[in-house]
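These come from TrEMBL:
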type     : residues : note
COMPBIAS : 293-319  : compositional bias 'Polar residues'
DOMAIN   : 100-253  : domain 'Phosphatidic acid phosphatase type 2/haloperoxidase'
REGION   : 284-355  : region 'Disordered'
TRANSMEM : 64-84    : transmembrane segment
TRANSMEM : 96-121   : transmembrane segment
TRANSMEM : 178-196  : transmembrane segment
TRANSMEM : 208-226  : transmembrane segment
TRANSMEM : 238-257  : transmembrane segment
Amino acid sequence: MNLSSNAKRIWEIIKTCSDWILLIALEVACQFIGDRKPFEQLFSVLDPTISFPMAAHERVPGSILYVYCFGIPAASVLIVSMAFGPGDLKRRAKLLNWGLLGVGVSVIVAQLFTEVVKFIVGRPRPDFLSRCQPDAARAQAAFTATAVALFDSSICTSTDASVINDGFRSFPSGHSSMSFAGLTYLALYLAGRFRLFAPHSPHGKHLYAYFITAAPILVASFITTSRVSDFRHRGTDVLGGASLGVFFAIVGYRYYFPWPNSQFAGIPWMTIRQEEERGIPIALGGPGKLHQYSPSTTRLPLLPTSQDARSVAQASQGAPTPYSDVGGNPMEMHPISNTNTYSAPPPHTMPGGSH
């Protein structure tokens with residue numbers, strides 16, 4: 001038995017390390033692709049959609065983007081997991097690990113897909129001609145010979161190759177995909193951890209909790225729209241990037257956690273599997289609370305508290321038993337004769353009204 005337990009523990013460590021190593025490798029791949037010269041779509045020097053001025057100062061520079069998409073979600077996961085997570089330090093450390101891995105999967109995979117599509121599509125940015133500074137004499141000669149003339153980057157007089165290459169990376173927006181990936185993941189994580197949409201949620205009636213969860217989406221929206229204001233992207237570029245970001249945020253979150261409206265919201269899949277295999281109760285509840293959920297009673301939304309032993313003794317004598325919901329609010333549960341299973345009271349008897 002000990003050998004099997006040790007083997008599972010070793011396997012968990014190996015899996016965790018391999019996940020982090022893979023994420024690091026994917027980030028290296030992102031940087032490698034980002035440094036390559038992308039495909040160049042042909043363009044017209046008379047195209048008004050690529051004739052906007054190049055902004056000297058971006059509202060959200062690339063260096064600050066990483067703070068928004070990596071730093072803020074990671075710091076939030078750290079605080080919520082360690083300060084408000086259920087159980088002992090070991091349980092909270094595991095919650096932190098899976099939460100941070102989710103951030104990494106969401107953002108880095110979204111970044112990788114974005115870089116690959118940018119590299120393949122090679123769409124000019126709205127400020128491309130400002131970057132390129134096309135040779136007017138050559139363009140005039142081309143228009144003299146034909147009514148329609150399309151060019152590649154060889155017509156550019158600018159000597160800054162990196163600026164020109166970056167000018168062909170308009171679709172999709174990397175700022176949009178990465179910000180929506182990291183911040184949508186954070187919104188899902190907060191909703192799950194605080195059990196905002198879980199059955200009988202203790203936070204279901206507090207508007208501020210929903211605002212806190214929605215705040216990351218507002219920040220991502222600001223970053224996304226700033227790219228249009230800075231003439232770095234078109235509307236279709238940022239919509240494409242945002243769609244990628246939201247998709248991979250959901251993928252990253254669901255890979256490590258159940259849906260936020262699940263009974264097990266905020267609990268890592270690995271923890272659920274391990275505790276079900278061991279036959280021990282699963283820790284639920286909002287921040288700082290430890291309520292227990294037995295895998296054998298998956299139909300019960302209301303969970304025993306630390307009064308279990310005394311409550312079961314009372315139940316065996318036919319007396320009402322004190323229970324609490326996942327918010328820690330006291331309520332009475334009545335035993336069903338000849339069984340150890342308890343039924344939830346009608347919705348109108350629950351504290352705060354029906355849900």
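Backbone N, Cα and C define each Cβ position, glycine as well.
Caution: TrEMBL annotation is automatic and unverified by curators.
Beyond its flanks by at least six residues, the transmembrane segment (208-226) meets 58-60, 65, 68, 72-73, 173, 175-176, 179-180, 182-184, 186-187, 190-191, 194, 196, 238, 241-242, 245 of its own chain at Cβ-Cβ distances under 8 Å.
Panel annotation: around the transmembrane segment (64-84), residues 92-93, 95-96, 99-100, 102-103, 107, 174-175, 178-179, 181-183, 185-186, 189-190, 193, 216, 219-220, 223, 286-288 of the same chain, lying at least six beyond its termini, place a Cβ under 8 Å from a Cβ of the stretch. When pLDDT values are averaged over the domain 'Phosphatidic acid phosphatase type 2/haloperoxidase' (100-253), the model yields 92.
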